[in-house]
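Novice: Pasting the relevant annotations from TrEMBL:
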type     : residues : note
COMPBIAS : 8-20     : compositional bias 'Basic residues'
DOMAIN   : 141-291  : domain 'Tet-like 2OG-Fe(II) oxygenase'
REGION   : 1-32     : region 'Disordered'
REGION   : 275-295  : region 'Disordered'
Amino acid sequence: MNANQQQKRNKNLANRRRKKREEDSADTVTDQPAPAGIHVLKARVKPIDLFPKITAELMARVETYKQQLAAHHANPKKVQKPCSQKIIARNPTHAENAASLAYVQKNFKQLDRGYTKIYNEKTSQVIAMVHYLPIDSMPASQFDDLNFLTTFLHRCKEFIYPVGSKTRKCGGIMWAIGWRKAYEGLKILGRYRHKQAIKKNPARYKALMEDSARAGEVLWNFFHGFGNVVVEKNKAHMDRFGIPSFADKNFPKKTKDQSPYGFASNLAYSSNGLYNHQHKDNGDESELPLAVAMP
């Protein structure tokens, strides 16, 4: 194969990959044309351990625990069972943080504007899609919707116990609202519902729940404009199985009673840099979770 043929082959391969990327994106996320100024990044998925020493120490502790547990099972009468405490990695030192930061600054690319799609170069699968919406140039109607949504979420805090405590190995604060399994009206999720606050201010709570319909519509408009396919698929799934959304202020008895903007049964939001240790949620089928970040 000469240089001309190789160049033509590479060009055809690039075109096929681009077509597959576009088809996969249209099937899973959005079939709408991308806005102006789009960045398309292709990257090979490469696992990176920013703290290899911590990982090695953690794996050694896990292995030690497994050996102790195996010894107990082999001879339970003579070997005491090790404590079933969750093994968590230690915090990095200042030197380790500095080294990982230097690596990130040298090898990572910062995306802070425009519309970006990131694909797995090998499989053409969408890894992430990010769209920055500058507040200073946002249409007035969109800004008003965003202002309403953030105000609504702040008002909800009065009736919710935040998720988080000093005993948990996490940081920041998170709140959650939406439907729980009992489906008794729009009740805030499980044990996080502040019953005393609701009893003390029932009128304010009722008014807040009335606004849930508009809050759901605002979120629908934001996410539908970004990923119409994934939002509509989620709504179709909820409609099919009669799952209420947080945009429904009352439990919909019939399909026609469901909110036209319902694509999620509950909503979690956070502040103060919420984080948790790396973990895997069993049964989580969401490959591309939707999120909005606001300053």
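The backbone N, Cα and C atoms fix where each Cβ goes, glycine too.
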Novice: Average the per-residue pLDDT over the domain 'Tet-like 2OG-Fe(II) oxygenase' (141-291) and send me the rounded value.
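Specialist: So the average pLDDT across the domain 'Tet-like 2OG-Fe(II) oxygenase' (141-291) works out to 75.
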Novice: Going by DSSP assignments with H, G and I as helix and E and B as strand, what are the residue counts for the region 'Disordered' (1-32)?
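Specialist: Taking the region 'Disordered' (1-32) as a whole: 26 helix, 0 strand, 6 coil.
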